[in-house]
Amino acid sequence: MGGGGQLTEQGETGSKRAGCVYTWEEVQSHSSRTDQWLVIDRKVYNTTQWAKRHPGGFHVISHYAGQDATEAFTAFHPDLKFVQKFLKPLLIGELAATEPSQDRNKNAALVQDFHTLRVKAESKGLFQARPLFFCLHLGHIVLLEALAWLIIWVWGTNWILTFLCALLMTIAQSQAGWLQHDFGHLSVFKQSRWNHLLQKFAIGHLKGASANWWNHRHFQHHAKTNIFRKDPDVNMLNIFVIGATQPVEYGVKKIKHMPYHRQHQYFFLVGPPLLIPVYFQMQLMNSIISRHDWVDLGWSMSYYLRFFCCYIPMYGLFGSMALIIFVRFLESHWFVWVTQMNHLPMDIDHEKHKDWLTMQLQATCNIEQSFFNDWFSGHLNFQIEHHLFPTMPRHNYHLVAPQVRALCAKYGITYQVKTMWQGLADVFRSLKTSGELWRDAYLHK
């Protein structure tokens, strides 16, 4: 059943082997960097060559090599019929009739019930965006940017007005970040090309960053949330140890790059202040240059050209540079706390091959709904619903949340909702707990 050597040409593979049948064991054996198969709706695809051309990046496909990618495929692509034409040449066969539809002993009933929930959400129009919502959101970003500049132009550059200007710019930058996030997930327009174009405008011209850099990084986070070596958001560069597994592993191996039992304290010095101004800027430029992504570089430079044209006449070159660095510093605090309160206190571990619902619920929690929380977090206070349905427009998360909660209750899956203050405090507490686990393992194991 199945078997046979892998052919070198993708098209030849598809044409000669499309009628073959395979076991899960055979599929799972093709999970190396140079040999990648995956399963979608029981069909087996050889994605080895295609992964390099995948618009969402090579890694997001590689993370599912040798696995069932049906749920992730459905979650990421709003127009399944459109992307099917890219899959057809990659088809090499299907699972044998005796093989289950899910791999790794996943709960078939849970997977089916979640699929039914998604179909119902689609039938209720919950994947349809309201254009006015996003127009108003863009409008308030532009208004904040204009007010920031007008305050300085009309009343001058004293310290109080400069701080007010920086505060307004920080709000605009953070809200533009949430808006580009919407476009990046293809949740605004029906046609992907309009989402891609507006994302480049939002993250490039409004923020000075790269859409491709963000997408290739962020899609991995969604595909394998809180999974070491697959989710770049839990790659702490040995500065922090997180979760319950990594601290013990580091402690047992006597790894001490930092005084991890103090990480809940030095987090305030190297986490929120430096992520966007330093780490993201370095990663961003490395991504653009290494990929020769000159289109995104042009979009990014358009932001800085506009910024310096507006502020050099009033602050000079060095004053303008100091202003944008301060804005990035403030924005970084906002971004880190909002994104980490939903994930850092949750389960962080190596790959466990869970179904989509279970994986996301173990790695994600919600923050209570309110008008302020929705606005402040870009509706990422509904992080559970966002991770389950990344292409759903964010103004509809609260409508699907009761159904998600009911499904979790049916299968005994914890659905966590916290206050904003509890979520922020849990970031600190989780770092402290992980640091103590490391110290105990380092000293006694």
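The backbone N, Cα and C atoms fix where each Cβ goes, and this holds for glycine too.
All annotation found in TrEMBL is predicted automatically rather than curated by experts.
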Candidate ranges 133-151, 152-170, 266-284 [criterion: TrEMBL lists as transmembrane segment]: 266-284
Positions whose Cβ lies under 8 angstroms from the transmembrane segment (266-284), at least six residues beyond its ends: 209-210, 213, 217, 239-240, 258-259, 300, 325, 328-329, 331-333, 335-337, 427-428, 431
Local confidence of the prediction over the domain 'Cytochrome b5 heme-binding' (19-96), expressed as mean pLDDT: 94
